[in-house]
Amino acid sequence: MFDNLSDRLEAIGKRLRGKGRLTEENIQETLREVRMALLEADVALPVVKEFIAAVRERALGAEVTRSLSPGQAFVKIVHDQLVQVMGEQNDALDLSTRPPAVVMLAGLQGSGKTTSTAKLGRMLRERENKKVLAVSVDVYRPAAIDQLQRLTEEVGIDFHPTDSDADPVATVEAARDQARTGYYDVLLVDTAGRLHVDDEMMSEVRRVHDAVEPVETLFVVDSMTGQDAANTARAFDEALPLTGVILTKADGDARGGAALSIRQITGKPIKFLGIGEKTDALEPFHPDRMASRILGMGDVLSLVEEVERKVDRDQAERMAGKLKKGKGFDLEDMRSQLQQVTQMGGMGGLMDKLPGMGQMSEQVSQQMNDGQIRRQIAIINSMTPGERQRPDVINGSRKRRIANGCGLQVQDVNRLLKQHKQMQKMMKQFKKGGMKKMMRQMGGGGGFPPGGMPPGGGLPPGLGGR
Ligand code: GDP
Ligand code: MG
């Protein structure tokens, strides 16, 4: 699911990261692409429109934080909007009522109601230790009743037999009575579904609903339904007081639009995803995880959050102020940047989180492993404050003293001083040309401000700031 949408958004994000900053113009262009991607994923048009409007507003607003490049910031905005559209957090079943808690599943034929009934039963029994009874009110299709009976046996929950001559309401009431007298925690009600929404079916599920007043009334929908899912969801939502949605067949190659449309259109949370035909293939739906998956950004978002959290903002500001006053980037500044890298889990941790940097990270960590960062810090620690502020005074004998002090070689000191020179040069550029220029210099990617990540802070040239 979402493969295509994911590819499209990932491509957009990559291209944006190559840009220095967000302008009205590239926002417009990018939004057009996002819009196309959503429509191709079968997201309902009104949902797409609202989505784009919200992203535009946030992108043009003040949400681009200092710690993020505009490309990263845009990706984060799209991510957050996806999360919002899909419902913020996971909503679990709410079974807090006097038992038996009745859970009813409704939806079109073939959407996966019977399968989901069994999956839910299994989950409730295994994970929550509930005593579960299931009943089918699909009185017209004996095969459907047999199917549920077989599945309940498989998952180890009890089954209330259905008399196919009886009225669905009488059936569900009899099941509810059995659940009461048998001290069941939960009664699962599997209903009949037609191929299309029709009045007769709707009034029947409505009657079943009113007879047993479920605490949870779940709309089961096949994620392959695409644009139609929105209409079906609306029809069911009008006929029944839905409390949530089960989105089935999320394991298939459906384009995924339903996941984005349904919450927005019905206002009802997607509670579960069906991810296979087996009875254990049901998982709680987490909007944030789904959004990250859609964006296919590796762990880039957690990286972004980490940077936001851990970068010392005050320090970034002090640094910016210092640069403005025309003071150079000295070895004290370099040391604090190196320290920040170690705080963020070292280069290895940092590189692992960047998409596409998987293989690179091994190479990098060989050249620039955490031990090396610590050695660099040790070298700087071994200097006098005067040397840190004015590295030019460091002559041959001072180098020997510094190397001795930290138990390293003079050539290590030389390498560090050379790296410092490179960083200093970048910082000057920052002063002259501002952020934009520096980011271009860094290969456009970066977005780590001075005081944040070292721009190529000891990284091999060419990897700097990616
Ligand atoms: P109902 O008519 O709504 O009761 O639908 P069923 O539960 O009988 O399911 C219809 C078909 O969809 C069956 O072949 C199920 O095995 C299949 N199915 C249901 N849920 C899923 C799912 O999450 N993934 C996959 N791949 N198949 C599913
Ligand atoms: Mg069925």
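Using N, Cα and C of the backbone, Cβ positions are placed for all residues, glycine too.
For 107-114, 190-194, 248-251, the entry in TrEMBL reads GTP binding site. Annotation comment: TrEMBL describes 269-282 as domain 'SRP54-type proteins GTP-binding'. What TrEMBL records for 442-466 is region 'Disordered'.
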For the binding-site residues listed here (Gly107, Gly110), tell me which residue's CB has the most neighbouring CB atoms inside 10 Å.
Gly107
Please list, in sequence order, the residues in the chain of Arg194 (GTP binding site) that are at least six apart in sequence and whose C-beta is under 8 Å away from its C-beta.
Leu108, Gln109, Met201
For Lys113 (GTP binding site), what residues in its own chain, 6 or more apart in sequence, show a Cβ-Cβ distance under 8 Å?
Leu105, Ala106, Gly107, Asp190, Thr191, Gly193, Val220
Check each residue in the chain of Ala250 (GTP binding site) that is at least six apart in sequence and keep those whose C-beta is under 8 Å from its C-beta; list them in sequence order.
Met1, Ser223, Gly256, Ala259, Leu273, Gly274, Ile275
Secondary structure at Gly107 (GTP binding site) (DSSP, helix/strand/coil)?
coil
Out of the binding-site residues I have (Gly107, Gly110, Thr191, Arg194, Ala250), which ones have their Cβ sitting under 6 Å from ligand 2?
none
For the domain 'SRP54-type proteins GTP-binding' (269-282), the DSSP helix/strand/coil residue counts are 0 helix, 6 strand, 8 coil
Rounded mean pLDDT within the domain 'SRP54-type proteins GTP-binding' (269-282) lands at 92
Less than 6 Å between Cβ and the nearest atom of ligand 1 is the rule; apply it to the binding-site residues Lys113, Thr191, Arg194.
Lys113
